[in-house]
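The feature domain 'NADH:quinone oxidoreductase/Mrp antiporter transmembrane' is assigned by TrEMBL to B:127-418. If you look up TrEMBL, you'll see B:6-21, B:33-54, B:79-100, B:107-124, B:130-147, B:159-184, B:238-258, B:278-296, B:303-322, B:328-348, B:369-392, B:412-433 (among others) marked as transmembrane segment.
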Amino acid sequence: MESLYAVTTGVLSACGLFLTLRGRTFPVVVGLTLLSYAVNLFLFSMGGLTTDGAVIVDGPSDYADPLPQALVLTAIVIGFAMTAFAVILAMRARGDLGNDHVDGEDNREDRAS
Amino acid sequence: MIQHLIVLPIVLPLVVGIILLRGRGGATRPKRIIGVTATVLLVAISIALVAQAASGEVTYYALGDWQPPFGIVMVLDRLSALMVLLTSLLALGCVVFACGGDDEQGSNFHGLFQWQLMGINGAFLTGDLFNLFVFFEVLLLASYALLMHGGGKARIQAGLHYVVLNLAGSALFLIAVGVLYGATGTLNMADMAQRLASLPAERAGLVSAGGLMLLVVFGLKAAILPLYFWLPKAYAAAPAPVAALFAIMTKVGIYAILRVYHLVFGDQAGALAALDQPWVWWLALGTLVMATLGVLSARDLRLLVAYLVLISVGTLLAGIGMRSEAATAALLFYLPHTTLVTGGLFLLAELIGKQRGKAGTRIVKGRPLYNASLLGVLFLLGGAAVAGLPPLSGAIGKALLMQAASAEQQLWLWPLLLLAGLGSLVALSRAGSTFFWRSHEGEPSGQPLAKRQLFGVTWLLAAAPLLVVLAGPVSDYAQATAEQLGEPAVHIRALLPETTDGDEA
């Protein structure tokens, strides 16, 4: 399970990073979303992965660390709100600047026309 | 009441912000009164906090009375009290200035402003790494909205870069916090510091990775060399009172670097102590060089002031990079000066721009100013202070810092710091002579200055002469703060009395 978990987190963050570095706002927003998923998964695993353990301390040996679960909940809420804000901002930028390039102007289009 | 004092700088802006949300309409008179009153109250609270912290005792407030390391704590020591006081003083100037008309350009200015203060104060007071993240998010969310207050193409574009960069930064922050929690099993900074002392050797790599990732995040907030490119555009595009308040935002990053790398990665951390030092020192010097070039090449006063903020960041970080008690004391003396004066210059730039009609703040020949002599004197005062000319406060701060450098560090710091001062002086005198002397013939344009705006500017710029008059007490306090920072053991013992006693027994 550990390796599957690690690969999933890695692939998500790699895709997220790649998309965040794109030039248009839509891929950037999708990339940020993927990045926040990856981070949430990572946070979730930071207390160590346990299967079939009780969430609350249920004896000295077999329990899942409850703190990361509380943290990841906070992180999800904040990440979700931020994504919503970024989407609205990207739409506003598209409307105000006339295109969806992150720099507000697309040089390739200028050259073509 | 007195035992709840520590949490008040967070609760007060939160409650006031919620009250101010009522009614989406533009700024009305009651909103302004509430906003200014709350900020005045905040100044009073933070003065009380400084008085409480000045004794040298580290006090904390456990929310819900859950004792550390399990609960959420707000910690008050000299450094956090100083930062909160500085924030409230800066905020008072900004909010009064905004009442002169800037708050009417969009909705909810005063509410967002209070929440911004809540985030900043929270970041200064928290004793927990995850809550530092939460308060960073609070202050960032408010700053996103404030940055774009009033709208316009330049703001939207600068805002987009700012938001995307900071979202990526937040992701990195969470990863770093996750790594550190995974390796040490705690998020409380004092507890983490204690556990690092007895860290198993195989986890040292993990912790140093987490610690350096934190440095990247704080560096992004503080705008250190490879991470500062968002700053000039964003600050130049922001509305004046917001840009002035943002002068404290870079200092949040600097505070976080000071706090984390003195407390968590302090002397007790063994091989992991002073993890940041080699990076911060060289990158700070690089920041100084780039910022000086930026100041010299800026064609707009607001951009110029934004680069002046960067110079101050480079100077402060160089002080952190030296990592000695004298250097920390010097940078803590320089910090209030630079925050208040650059904030005041942002406000002043707005006033100058308004009176020059179409030319605005661009450094070109324009129409003569209506209040040329008054604004000119203020500009001279602010410019001389920020460039570090005696007898104003900038000179004292820089002299203290240069004195604190060791012989090897002096070789790098002295020329760079002095050249940065010279660069600012050249750029500012060019800008000033263009604004005030090289104007077209003709009638002066613009309206007379609004009293509130003038008050905001004078309030902030008055820091320059006042810090000279009060140089004795302020530098004593800075010295005491540096001593306190250099002794993380005292801090840890105040928060975790039982566990430390257990270890000794």
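Every residue, even glycine, has its Cβ placed from backbone N, Cα and C.
Note: the stretches the transmembrane segment (B:79-100) and the transmembrane segment (B:238-258) are in contact (3+ CB pairs below 8 A, sequence gap of 6 or more). Remote same-chain partners of the transmembrane segment (B:33-54), defined as residues 6 or more beyond its termini with a Cβ less than 8 Å from a stretch Cβ, comprise 5-6, 8-9, 12-13, 16, 19-20, 76-78, 80-82, 84-85, 87-89, 91-92, 95-96, 99, 110, 113-114, 117, 121, 477, 480.
Counting same-chain residues at least six beyond the ends of the transmembrane segment (B:130-147), those with a Cβ under 8 angstroms from any Cβ of the stretch are 72, 108-109, 112-113, 115-116, 118-120, 122-123, 155, 158-159, 162-163, 166, 170, 173-174, 177, 181, 187, 221, 234, 237-239, 242, 245-246, 249, 252, 256. Touching of the transmembrane segment (B:238-258) and the transmembrane segment (B:328-348) is concluded from the presence of at least three CB pairs under 8 A, sequence neighbours closer than 6 excluded.
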